[in-house]
Amino acid sequence: MYDWLNALPKAELHLHLEGSLEPELLFALAERNKIELPWADVETLRAAYAFNNLQEFLDLYYQGANVLRSEQDFYDLTWAYLQRCKAQNVVHVEPFFDPQTHTDRGIPFEVVLRGIRQALLDGEKQLGISHGLILSFLRHLPEEEAFKTLEQAMPFRDAFIGVGLDSSEKGFPPRLFERVFAKARSEGLHAVAHAGEEGPPEYIWEALDLLKVERIDHGVRAIEDERLMQRIIDEQIPLTVCPLSNIKLCVFEHMGQHNILDMLERGVKVTVNSDDPAYFGGYVGENFAALHEHLGMSEEQARRLAQNSLDARLA
């Protein structure tokens with residue numbers, strides 16, 4: 001990574017902890033937990049990281065998450081991510097975790113949360129990286145399941161700062177989760193949601209008006225709706241954009257088509273994030289580098305993007 005990019009203090013606001021599970025750690029955890037994997041070795045697994053759409057990725061993502069069983073596993077996953085953050089001068093993180101991915105496999109909620117939380121606290125003490133954890137609901141599951149997850153989480157209310165919405169976007173509009181988001185907000189939690197990645201601009205409107213989110217995760221399709229763009233600019237609603245993810249999942253055919261810098265120059269508060277870096281070929285630093293190499297991002301633009309990420313923090 002370029003030294004001048006590395007030198008910029010940055011926050012990461014769109015990162016799924018389960019998506020930072022590198023193949024090497026995945027194999028190590030499988031061995032620790034005596035789980036047989038369908039891949040012969042790390043190279044075979046990496047070769048499987050070729051996706052035509054979001055769903056193909058998610059199928060592999062959930063299969064990979066199956067190796068996470070104990071508090072120590074979740075600690076190791078989170079700690080490995082934080083070490084990469086330290087190396088790239090990421091000074092604040094607001095990662096997502098997907099409790100339902102694990103509780104549906106019989107892993108107790110508190111096992112997941114304790115491992116992640118301890119690593120985040122150690123990251124603050126030992127690495128100087130501050131944090132705010134976000135509990136994310138899976139949108140392909142019914143809202144009643146999200147309510148159950150929120151209920152399970154409330155005894156640990158001080159461990160996380162907000163709720164999010166992720167997983168398969170097409171066919172699962174934000175309006176399906178209006179009640180559970182209202183409940184979460186009534187408990188004093190922040191709200192964010194994935195919208196406008198594969199889904200249409202209407203999903204962004206719903207996230208803003210029905211879920212009353214403070215940030216939009218992805219949001220790149222907002223550019224298709226001029227009225228929506230104007231609102232996002234006027235209200236300075238942050239978009240947590242994930243360039244390498246967008247290419248890997250065919251949201252854009254290649255980086256040269258990406259609209260993040262167009263949005264930046266129009267006054268949108270866009271930020272650079274890695275989404276699921278183990279699967280998409282890079283962490284925050286690699287995403288910044290890709291914008292420089294393929295879109296000609298200037299040092300001044302990089303500074304604005306980095307500052308946007310710090311300004312858009314919820315914690």
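Quick reminder: no glycine exception, Cβ is built from N, Cα and C everywhere.
Keep in mind it's a predicted model, so treat the numbers as computed, not measured.
Among the features that Swiss-Prot reports, active site, proton donor is placed at GLU197. In this structure, GLU197 (active site, proton donor) belongs to neither helix nor strand by DSSP; it is coil.
Under DSSP, ASP275 (Zn(2+) binding site) is assigned to a strand (E or B) in the three-state scheme. Here the Cβ of ASP275 (Zn(2+) binding site) has 30 other Cβ atoms within 10 Å, regardless of which shown protein chain they belong to. The annotation Zn(2+) binding site is assigned in Swiss-Prot to HIS14, HIS16, HIS194, ASP275.
Per Swiss-Prot, the feature substrate binding site maps to ASP276. There are 24 other Cβ atoms within 10 Å of the Cβ belonging to ASP276 (substrate binding site).
Positions annotated as site 'Important for catalytic activity' by Swiss-Prot: HIS218. For HIS218 (site 'Important for catalytic activity'), the Cβ neighbour count at a 10 Å cut-off comes to 27, with all displayed protein chains included. The secondary structure of HIS218 (site 'Important for catalytic activity'), as reduced to three states from DSSP, is extended strand.
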Alpha-carbon spacing, HIS218 (site 'Important for catalytic activity') to GLU197 (active site, proton donor), which is rounded to whole Å: 6
Nonlocal neighbours by CB distance (under 8 Å) for HIS194 (Zn(2+) binding site), same chain, sequence gap 6 or more: ARG139, GLY164, LEU165, ASP166, SER167, GLU169, ASP217, HIS218
Cα-Cα distance linking ASP276 (substrate binding site) and HIS16 (Zn(2+) binding site), given in Å to the nearest integer: 6
The one of HIS14, HIS16 whose CB sees the fewest other CB atoms within 10 Å, among these binding-site residues: HIS16
Listed in sequence order, residues not in HIS14, HIS16, HIS194, ASP275 with Cβ within 8 Å of the centre of the Zn(2+) site Cβ atoms: LEU15, GLY19, PHE96, ASP166, ASP217, HIS218, THR240, CYS242, SER245, ASN273, ASP276
Pairwise Cα distance for ASP276 (substrate binding site)/GLU197 (active site, proton donor) [Å, integer]: 14
